[in-house]
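Encoded as structure tokens, the structure appears first; notes follow it.
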Amino acid sequence: MFNYFQAGVGALLLHISSSSFAYDDGRVLGCSSLIYRAITSPSILTTGPVAGMLAGAAAVAAFFPAQYFPDYSALDPSISALGAWTVPVAGLLVGLGTKLGSGCTSGHMLIGLARRSLRSLVAVATFSSVAMLATYLTGAAPVTSPPPYTVASPSPLDVKLLLALVAATYATRHILRRFVYRPGSKFSQLVSSLFSGITFGLGLVVSGMASPGTTLGFLALPTPERFNPSLLMVMAFGLVPNFIEFSVKGTEPAPTCVEKYELPRDLTTITPRLVIGSAIFGLGWGISGICPGPGLLGAFFNGKDGLIWLATFLAGYGTASHCL
């Protein structure tokens, strides 16, 4: 079902979190590198967002209706692209690809495209097209009744809950920036990175990106009867606000909590490694519907399979880091 309101609100949360991490901590909220570095070289600005994402998942499990929980039925071995091998193979490919390609959907799409990065444009075009092709050839997108493009209108309770969530998130960011954050303060960096992570985790779940079937439905665009347009809302309410914010504000003045920005400076160099890595990531994404952020949440929501995906992702990312 196309839960347009829920997906749009989730996308706004993704915008708030990714732009906050950029303007408060001076960095890209790139899930693939953050997850790997949180384990191999932990620091406030790597462990904070990852812990925050898991805390956001815990908040959903504790306080939200069950309808918001991620749905992993598309990964059932009886219907998934590679059967029981789908999860480990996808995790390995996503790990390899995101390291070689210098990022995933969060870094390249939400921030890279917003900063008008040619590198990110090529990466997004590559991994999206390869993912769509992989989804089409393997038939990974689920068949549902009614079709996934069927519009689902929110209930009055959902509208109140989601609007309250967005309002509370904006208010919290304003209060933190005004009364808590201080340049160079480790405490400020911890609070801001946790805030960005919690908000990002909530955004992934609410938008539907944490559910593999929703993502696979979007990647099934060449197959209209399986197409789920929910992720279009992520572009409309996640990417577009980031694009506007970066266009208006740029990177001045300095970030709120650190001394300087550490955003990628090279926005134009296209290398074979970037393209090949993005294609490998797209292949893993296209057979499973899981990119790094949702993969991390799967370790919380999806039991053994979620942990298997995370372990193989780390193995792939580590292999690309040290051997390729």
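Using N, Cα and C of the backbone, Cβ positions are placed for all residues, glycine too.
Some features that TrEMBL has for this protein:
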TRANSMEM  6-23  transmembrane segment
TRANSMEM  44-66  transmembrane segment
TRANSMEM  78-97  transmembrane segment
TRANSMEM  118-139  transmembrane segment
TRANSMEM  159-176  transmembrane segment
TRANSMEM  188-207  transmembrane segment
TRANSMEM  227-244  transmembrane segment
So are the transmembrane segment (44-66) and the transmembrane segment (227-244) touching or not, going by 3+ C-beta pairs under 8 A with a sequence gap of 6 or more?
no
Is it the case that the transmembrane segment (159-176) and the transmembrane segment (6-23) touch, counting contact as three or more CB pairs under 8 Å in which the residues of each pair are 6 or more positions apart?
yes
Any chance you could find the range in 6-23, 78-97, 188-207 with the most Cβ pairs under 8 Å to the transmembrane segment (227-244)?
6-23
